[in-house]
Amino acid sequence: MLRSVWNFLKRHKKKCIFLGTVLGGVYILGKYGQKKIREIQEREAAEYIAQARRQYHFESNQRTCNMTVLSMLPTLREALMQQLNSESLTALLKNRPSNKLEIWEDLKIISFTRSIVAVYSTCMLVVLLRVQLNIIGGYIYLDNAAVGKNGTTILAPPDVQQQYLSSIQHLLGDGLTELITVIKQAVQKILGSVSLKHSLSLLDLEQKLKEIRNLVEQHKSSSWINKDGSKSLLCHYMMPDEETPLAVQACGLSPRDITTIKLLNETRDMLESPDFSTVLNTCLNRGFSRLLDNMAEFFRPTEQDLQHGNSMNSLSSVSLPLAKIIPIVNGQIHSVCSETPSHFVQDLLTMEQVKDFAANVYEAFSTPQQLEK
């Protein structure tokens, strides 16, 4: 039996060698293919896990953004009420002073200024914090992903994070003061000559707010000239035009200072982008729309109006004397700058444009390839 097999192999030696080579090649290719498939599967699994981890970190970061905004609103409200103290004027009016008309005129300007500044500053706070916390969030994600790797440098240590995020104080300090000045001038120009007895409908109020917005947003200090000659909406109030005090020092900067300056410059680039201006403008449109919605309940038709079958547009069918509108406007700050999630703040925090913009910022700063560009 063995001899006959051996004779067969000798007679078909070349064929057997060829067949053995083919079978061996198929076996090796099969093993190689299995290895490659396993490597691809492992790589895809690792990428999926990394993507899921990054998505989880992003969503957690957005919750942090929302909580940070809500936690800072009382500080913003207090700063506004301190600089635009209408309560002191209201207290004076209760004593029936001889200059009552003059005080009412001051109250008119301060009340409108305060509510309009509240809308602007709250919108700025929401969008600016989205930028800052997603930039720093991207760096933190990369730092966490690099834990355990040799030769890696922490991109955003805690002290840098604290120093960088403290730059929000410009919006709550000097930036807010400048914004108040500009808006107060615009309010004075549009409403200064309007009599307290003059009646305004909700539609009239909307038109007045549009006129004030146009003056504010076209003001020379409200537009930031970018490197390409374009203008960024209201960025001046969120970050100072001049170099940061750290950069002015020129020498003697610590590694922490250098990293902080890098983060601030990256933030500045984001604020100069067309996307930022678009998102901020969308927030402002929503904010002023919500402000009017809040006041609309005071302009509801009376039963007498309804009995007369008033078919006019509800926005213009009811008018109130300006003197009665002032207290309504004056109280809006408590809704706009409420740390308890109100419809106003919730609208801003849940806007799709804000979410998409935040995702783009986070994507840019949580991807190593993007940071290397």
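From the backbone N, Cα and C atoms, a Cβ is placed for every residue, glycine too.
Residues or ranges marked as topological domain 'Cytoplasmic' in Swiss-Prot (evidence: sequence analysis): 1-15, 141-373. The region 'Targeting to peroxisomes' annotation in Swiss-Prot covers 1-45. Taken from Swiss-Prot, the feature transmembrane segment applies to 16-36, 117-140. Residues or ranges marked as topological domain 'Peroxisomal' by Swiss-Prot on the basis of sequence analysis: 37-116. Sequence annotations record features per position, and here Swiss-Prot assigns region 'Interaction with PEX19' to 120-136 based on similarity to another entry.
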Overall pLDDT for the topological domain 'Cytoplasmic' (1-15), taken as the rounded mean:
59
DSSP-wise, what's the residue breakdown of the region 'Interaction with PEX19' (120-136) into helix, strand and coil?
17 helix, 0 strand, 0 coil
Summarise the topological domain 'Peroxisomal' (37-116) by DSSP state, stating how many residues are helix, strand and coil.
73 helix, 0 strand, 7 coil
